[in-house]
Amino acid sequence: MEKKKSRSWYLFRHIILIMIGAVLVAIGLELFMVPNNVIDGGIVGISIILSYLTGLNLGLFLLVLNLPFFLFGYKQIGKTFALSTLLGVLTMAVSTSLFHHVDKVTNDPLLAAVFGGIIVGIGVGIVIRYGGSLDGTEVMAILLTKQSPFSVGQIVMFFNLFILGSAGFVFGWDRAMYSLIAYYIAFKMIDITIEGFNETRSVWIISEKSRAIGDALLSRLGRGVTYFNAEGAYTGEDKEVIFCVVTRLEEAKLKEIVEEIDHEAFLAIGHVHDVRGGRFKKKDIH
């Protein structure tokens, strides 16, 4: 009974948050970007251009152009993702129709690009974080990458550059440049929304003083460490490797600690998309 209740709450929360994200995207589009002829990338960008050229409702194009990708996603990626995407797209399409009659917030295209990009990015990030999508571009890229030498990321980039370039012929090149600003801001806000401000780093350290460094990280940074036995390929000598996960804010302090103990230590730091389990909690930096 408890498990069923937990599952119901999980689904309810995801549905509400996907709808909130989709509404935010509609606000960013209809109250900031679209009235100032600033567009986004992907299917949204195509929909804005077609709506401008035909005079038809933006929500109609958002729904019609995304439907084929929803069907493909249902077959290739999974039912949960496809249904979450359908919910998001429907909410976005209806919301853009409702907000279309609301006065725009600003006449300044730069402000529209900046704040529209922020709001759209947050909205898209929320939808992605909770298992959905608002644009069929990624699904299309997954299909095309199987038949081409390009990666999903490269196909998405080429597609979006084509859309943003098309905006120059339709709205003028100044609006295309504003659109590029909005697209970049939205892109960064999506990352921040998905990963949060407390980004994490994975750290690998190879040092002759591995135990001293590990103890210092534990006592001064409050982070647990893991030791691995390894062998240097060139020297054939046994090495002890330290692995640790820290937040972005702790990265500078970690480098300082390692430098104090062994300035010749080998240090490799990488981005971590998500951290779960264990005892990864924020600690005080000493």
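Each residue, glycine too, has its Cβ placed from N, Cα and C.
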Request  = Look up transmembrane segment in TrEMBL and report which of 111-131, 174-194 it refers to.
outcome  = 111-131
Message = Under 8 angstroms, Cβ to Cβ: which one of 12-34, 46-74, 111-131, 152-171 has the largest number of such pairs with the transmembrane segment (81-99)?
response = 12-34
Query = Restricting to the same chain and to residues at least six past its boundaries, which positions have a Cβ under 8 Å from a Cβ of the transmembrane segment (46-74)?
reply = 29-30, 33-34, 37, 39-40, 81-83, 85-86, 89-90, 92-97, 100, 133-136, 139-140, 143, 163, 166-167, 170-171
Key: Reported mean pLDDT - the domain 'DUF2179' (223-277)   = 86
Key: Spatial neighbours of the transmembrane segment (111-131) far in sequence, C-beta under 8 Å, 6+ residues away   = 13-14, 17-18, 20-29, 31-33, 35-36, 38, 40, 80-81, 84, 88, 104-105, 178-179, 181-194
Message = Cβ under 8 Å, sequence separation of at least 6 from the ends of the transmembrane segment (12-34): give me the contacting residues as numbers and ranges.
response = 40, 44, 48, 51, 58, 84, 87-89, 91-92, 95-96, 98-100, 102, 104-106, 111-113, 115-120, 122-127, 129-132, 134, 182
